[in-house]
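> Okay, handing you the structure first.
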């Protein structure tokens, strides 16, 4: 096993522990707590994949961080912080919408890279909007936290979420996954639109009908993909 993979996991475990202690003091805001929950799932998945104990890794990560801090001057820390672009956390969904359980009458699931796409194929002839919570850096989507598809009545009928065991994805991965979800929902004569915020930062554009600028060939490909897997 690569040593960098192990040490990265150890540091992530310790930093999560620090953030959890911060949250336990009721100091974290909603985006902070949301990321904390999802990072916990990710760490569990990585720990299982690597065969590493989280508690042991946390202790090792503490030693690594302490060693770095001992060598770090205040001036170097200021320069490092100034050189890193700041990311922003954007929310289409409330915490209730993100944490709500939902069920599928005709479940369909597809994995695209490090993203899991789920949808209810029993949904037909509905107006659906895609909402997402995600981080943005340099005016481009950086990390998808969660995307869900809602009917006008507020029911959840689809979802795109990162796989805890496969962290890391690009904005192109997210756009491709959205294309798959749209293709699957439209196959049953649903009308799908994407939130203006998501259009703006994923595609850097927006359409009045809420449709992202998917090329016709890509849309046909997405529809065929869903059809072949039914």
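Each Cβ is built from the backbone N, Cα and C atoms, and glycine gets one as well.
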> Identify the region 'CPSF4-binding' range according to Swiss-Prot, selecting from 144-179, 180-215.
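Of the candidate stretches, Swiss-Prot labels 180-215 as region 'CPSF4-binding'.
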> Kindly point out the range from 137-146, 217-226 that Swiss-Prot annotates with motif 'Nuclear export signal'.
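It is 137-146 that Swiss-Prot describes as motif 'Nuclear export signal'.
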> Among 34-38, 39-43, 44-48, indicate the range for which Swiss-Prot gives the feature motif 'Nuclear localization signal'.
34-38
> In the same chain, which residue numbers or ranges, 6 or more beyond the ends of the motif 'Nuclear export signal' (137-146), come under 8 angstroms Cβ to Cβ?
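Same-chain residues near the motif 'Nuclear export signal' (137-146) but 6 or more away: 34-35, 38, 85-89, 93, 98, 115, 159-162, 169, 171, 174, 198, 201-202, 204.
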> In the predicted model, what is the mean pLDDT computed over the region 'PABPN1-binding' (223-230)?
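Mean pLDDT, the region 'PABPN1-binding' (223-230): 44.
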